[in-house]
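**Student:** Take a look at what TrEMBL says about it:
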DOMAIN    B:70-260  domain 'ABC transmembrane type-1'
TRANSMEM  B:12-33  transmembrane segment
TRANSMEM  B:74-94  transmembrane segment
TRANSMEM  B:106-129  transmembrane segment
TRANSMEM  B:141-161  transmembrane segment
TRANSMEM  B:182-207  transmembrane segment
TRANSMEM  B:238-259  transmembrane segment
């Protein structure tokens, strides 16, 4: 079926996508790499010069740098733990027979479709606000002092918001995987006298391994770049307490007009993403080859 | 094998699930309720029954011209999706029906472009856009969103197309179908559902994209993500108005999302979980 002719046609059909993505990947990245060795400030664009590794040194010695990397990892790790553990629990619950399952599913999946600025602002103003938020109302009703979430626990608050957005994704994927588990296997295990815990550990969890892997991989890609949630809530503060690497680079570039410094940060972000990707692929990738 | 489930067990599961669901859904529910309150009412304390006034919706339109960012969101998400499909359908098609030994590598490479952090190329993209006059234009942002989502679109289409059996094509050819007839009568009907779900998911992703849409626009091309983000400034802090704008911004996508639950899993896991 694959004659020379159709093969040529197939290549032609593939070419535009490959070309576009190749340009998209190479041109901006090459520019970032080039800028990262330049002394280039947008406020003084006439004065561009080669500085070698100065930008990297500058970025590296900035006390905000290590904090931002640590914050980035905390956001990724924190959200992953909450969504995977919570996702498994909710998926197990939704897998039970119940009344109104359709509506329950719709409600649980909804946060995933809420755009990040809306999610962050709703949580910031209506839920976590120390004066008018629902949590403050609850605290007062119970006789406690309201908590100023974004001032006292800025990073934790952001993790909660982002976890709320991604919990439905994890739940939905884990539930889909759970539903493909053979019912007869479960029953056989039950008849053999396996309790809930041993059924979960020896039967359900191994069956979910692949889905958990997929959840971790995909969420990590998105979680490394959390941005809008920080922008509209804490703006990275107080100080650098809730600044992740993405936000630090944005600050350097568009608020500090420092093209060189931001580019050096960008290259570091690429390296970090690759390290995380390789680490993840190694650690959990073998699950995917089945 | 059907088993009788005890009513009691079902009642427990139902109650537990509804409590969890209501907690998770609460922020959205409360936003909708608050959007129906007046401004003073909105900050009076916890109250689930609004006065059902539509004044915030009216104000959002009259004072902030809500319709403009809404139309930008529609144009950007639909435009970038159609553009991505135009490029991706032939690519996915060729990889699904005449795979070579490099097809898998190409697919993995495409996925790896998603690994590149957006912020790493913020500076060059910003400068390119500034120098070519694409900043704050619908055209520029449509191109951006197309490029960002292209790998996902190719992957999704590929997983759908791969399930169309190749023998059907051969059978049609044996029966004397022309290439055109083959496409219109045999392939199109089998490919349409996959293309439709891909389109739906991609519109959702493009609608909610909140890095480039905020950074590359100011007023003219600003979609709802940028519009809502502007409410974070102190003078924009009006609970009821914020709620009304938020409700309007998420409603269309929420409804689309509810209808695409099944495809969502498949699409976002690149066919790894079905």
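The backbone N, Cα and C atoms fix where each Cβ goes, and this holds for glycine too.
Those TrEMBL annotations? Automatic predictions, nothing curated.
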**Student:** Do any residues of this chain, six or more beyond the ends of the transmembrane segment (B:12-33), have a C-beta under 8 angstroms from a C-beta of it, and if so which?
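**Tutor:** Beyond its ends, the transmembrane segment (B:12-33) has Cβ neighbours at 48-50, 243, 246-247, 250, 254.
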**Student:** Using a Cβ-Cβ cut-off of under 8 Å, list the residues of the same chain that are 6+ residues beyond the ends of the transmembrane segment (B:74-94) and lie near it.
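**Tutor:** For the transmembrane segment (B:74-94), the list is 138, 141-146, 149-150, 153-155, 157-158, 160-161, 195, 198-199, 202-203, 206-207, 213, 221, 223.
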**Student:** Checking distant contacts: for the transmembrane segment (B:238-259), what same-chain residues at least six beyond its ends satisfy Cβ-Cβ under 8 A?
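**Tutor:** Apart from its flanks, the transmembrane segment (B:238-259) reaches 28, 31-32, 34-35, 37-39, 41-43, 55-57, 59-60, 64, 66, 70, 73, 200, 203-204, 207-208, 224, 227-228, 231.
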**Student:** Looking only at residues six or more beyond either end of the transmembrane segment (B:141-161), which have a C-beta under 8 A from one in the stretch?
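**Tutor:** For the transmembrane segment (B:141-161), the sequence-distant neighbours (Cβ-Cβ under 8 Å, at least 6 residues beyond its ends) are 75-77, 79-81, 83-85, 87-89, 91-93, 95-97, 107, 110-111, 113-114, 118, 125, 134, 191, 193-195, 197-198, 201-202, 205-206, 209, 212-213, 216-217, 221, 223, 266-268, 270-271.
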